[in-house]
Amino acid sequence: MSYFNEIGTIQYEGAKSDNPFAFKFYNPTESINGQTMEEHLRFGVAYWHTFTEDLSDPFGNGTAIRPWDKFNGMDLAKARVEAAFEFFEKLQIPYFCFHDVDIAPEGSSLKESNENLDTVVAMIKEYMKDSKTKLLWNTVNNFTHPRFVHGAASSNNADVFAYAAAKVKKGLEVGKELGAENYVFWGGREGYETLLNTNMKLELDNLARFFHMAKDYANEIDFNAQFLIEPKPKEPTSHQYDFDVASGYAFLQNYDLQDTFKFNIEANHATLAGHTFEHELHYARIHNMLGSVDANQGHPLLGWDTDEFPSDIYTTTLAMYEILKNDGLGKGGLNFDAKVRRGSFTAEDLFHAHIAGMDSFAIGLKVAQRLMDDRVLENVVEDRYRSFNQGIGRDIVSGKTDFHQLEKHALTLSEITQPSGQLEVIKNKINQYLLTTFA
């Protein structure tokens, strides 16, 4: 059955095209520094926002009109698979991602839930045989059901911990079955509302035990996906333990998990943590922990996770700069963890949104590559820190000095002069590259 009859395959037509169902800047076969755009960007569709989201919010019912929503239960799950692979083919997108409950309804028992999963996974596997679209990552939803009201791996209830572990065990098996390149842990309920009734030490210790057991089981079944943690500071809990990349990295180091995990970084989560997207990417990169990206953007005037499709090309440029400096994302990719706005409720809007996001990152890729080729930012940074390449600065960096020697040096100094940071020049230069790359 076809769900998008009126829409053909999305093709690259160039910046002058007026066709809303065409890429203006994303040309998957265009070579950029020895790799195609498709290889650089590794785009993925988020199954939950694209095929299960009804666009409801706390103030109103869902508005989404989806041709597959005439079905229910397992029939709906199967219809979504059909729609998904038609969507993937028409968008020519290389990857997709899902939670367990996105693809199959939760049953009345764990056994029934697993049986539902087995049925849909078998169907997805058949579709993948004839599709170029692969599984970027999968995960399990350990946050929506009321059993997870107090957390999953960080729950105060050992039975919930066991149930969460059983779900992840099944998730790892599903990932192996479908050839997932990564496996994601997002701890939506792994945090607390108040310290007044929380044993933080026990919860953190248990969370680490959970991660170690997950990796042990992945090794047992020979599932070689990259494990990823997705930081978020809050929502739904008041304070989540994986607040941002820095706190997540400290957790991984403290529990000897830093060689097991990397980070799946979401732009909107960076905003909620009070960081720029590029800050989180940069911090992960310089610690060799940048694994994958949830490509979206938040609304700067709102304090919650709006999950908008990315359209800010200044941000996508700086993001792609960090990814290029990282020599790419390895097994990771750019998953559009984004949903159309509540007023964009037609099935056609799903295509428009993904086209906009893919074009925005294609622009970012080309501008970032030009910035790197011309060493625009590298030259700025090297010049700014040049005092550490000579004299006392070189001794500091090489560890050949101490406070005694530094005091002697300081006593010889007259007035210290500082050069201008010239931030306005740098920002204007980036604007120049943004405006001239496609001129």
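Just so you know, glycine gets a Cβ as well, placed from its N, Cα and C.
Residues or ranges marked as active site by Swiss-Prot: His99, Asp102. Summarising the annotation, Swiss-Prot assigns Mg(2+) 1 binding site to Glu230, Glu266, Asp294, Asp337. Annotation source Swiss-Prot lists Mg(2+) 2 binding site at Glu266, His269, Asp305, Asp307.
Of all the binding-site residues given, namely Asp294, Asp305, Asp307, the one with the smallest number of surrounding CB atoms inside 10 A is Asp305. Sparsest Cβ environment among the recorded positions His99, His269 (other Cβ atoms counted within 10 Å): His99. Surrounding the centroid of the Cβ atoms of Glu266, His269, Asp305, Asp307, where the record places Mg(2+) 2, the chain contributes additional residues within 8 Å, namely Lys232, Ala267, Asn268, Thr271, Leu272, Asp294, Asn296, Gly298, Thr306, Asp337. The recorded positions close to Glu266 (Mg(2+) 1 binding site), defined as a CA atom within 10 A of its CA, are Asp307 out of His99, Asp102, Asp307. Here Asp102 (active site) comes close to Tyr47, Trp48, Phe51, Thr52, Asn141: these same-chain residues lie at least six apart in sequence, with C-beta atoms under 8 angstroms from its C-beta. The two recorded residues Asp294 (Mg(2+) 1 binding site) and His99 (active site) have their Cα atoms spaced 14 Å from each other.
Using CA atoms as reference points, the recorded positions His99, Glu230, Asp337 were checked against Asp307 (Mg(2+) 2 binding site), and the closest is Asp337. Note: the Mg(2+) 1 site is recorded as Glu230, Glu266, Asp294, Asp337; in the same chain, Trp186, Asn264, Ile265, Ala267, Asn268, His269, Val293, Asn296, Asn335 also have Cβ atoms within 8 Å of that site's Cβ centroid. Spatial neighbours are here defined as Cα atoms within 10 angstroms of one another, and by that definition His99 (active site) has no neighbours among the binding-site residues Glu230, His269, Asp305, Asp337.
Counting only the Cα atoms, the space from His269 (Mg(2+) 2 binding site) to Glu230 (Mg(2+) 1 binding site) is about 9 angstrom. In sequence order, Ala46, His49, Cys97, Glu266, Asn268, Asp294, Ala295, Asn296, Asp307 constitute the residues six or more apart from Asp337 (Mg(2+) 1 binding site) in its chain with CB-CB distances below 8 Å. Each of the binding-site residues Glu230, Glu266 was scored by the other Cβ atoms within 10 Å of its Cβ; the lowest score goes to Glu230. Here the CA atom of Glu230 (Mg(2+) 1 binding site) lies 14 Å from the CA atom of Asp305 (Mg(2+) 2 binding site).
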